[in-house]
């Protein structure tokens, strides 16, 4: 199994990153993608990936929350990071109209700029969309023929939104959100609709600790070593064998990111 979304640059991991990676290996996680969400964190993510070249890779991008920070200097930084074989995708980029930490037009501008950069560099894109589906698809769609591949990370949308994303050829990233009986019920019902060769799994650690985990870690911090729990839950919802699902989703990740 492969974790496509780990926020390993988070200060929550500052004291024990090596142990976090060790626990993930021991849990059977075969690799992980470290997410970059702004220029600085993208540099930090690549630095961490280089310390574990057989196990960790990174993305480089500007999350919609940080879209107001986008500049020519940011683009130059991401282009430089892309020279490393450990940096395998542009993102996390997209739109988030849930909280609008950057205004929608700033978000759209930064999203377009990163799609252009991904097309220029022939890299996949690692996408974010929350409460912005129609605008998200309208911006993304013209770029798709020019992009190597695209994954919508941490999908939490509706059935029509899922069908729209699949129709456009997107890969779908699923997190422990499906383990939340309060928020994840609709998402749980959508699991059988995702083609096996388009499904990717992720923890989004340290966020989104699976709500149904027992026992819960005292820290309430999510970790990549909990990915097997998500695998089990997704397999159950799809009627799949957990081992086969773990292998298939890991293969999907390695193909998508050319690992």
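Including glycine, each Cβ sits where the backbone N, Cα and C put it.
Copied over from Swiss-Prot, here are the features:
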type	residues	note
BINDING	92, 128, 153	divalent metal cation binding site
Which one of these binding-site residues has the most other Cβ atoms within 10 Å of its own Cβ: 128, 153?
153
Counting only residues 6+ away in sequence within the same chain, which have a CB under 8 Å from the CB of residue 92 (divalent metal cation binding site)?
35, 36, 37, 59, 61, 63, 126, 127, 128, 153
Enumerate the residues of the same chain, 92, 128, 153 excluded, that satisfy the criterion Cβ within 8 A of the mean position of the Cβ atoms of the recorded divalent metal cation site; list them in sequence order.
5, 35, 63, 91, 93, 94, 126, 127, 129, 152, 154
Assigned element (helix, strand, coil) containing residue 92 (divalent metal cation binding site), judged by DSSP:
strand
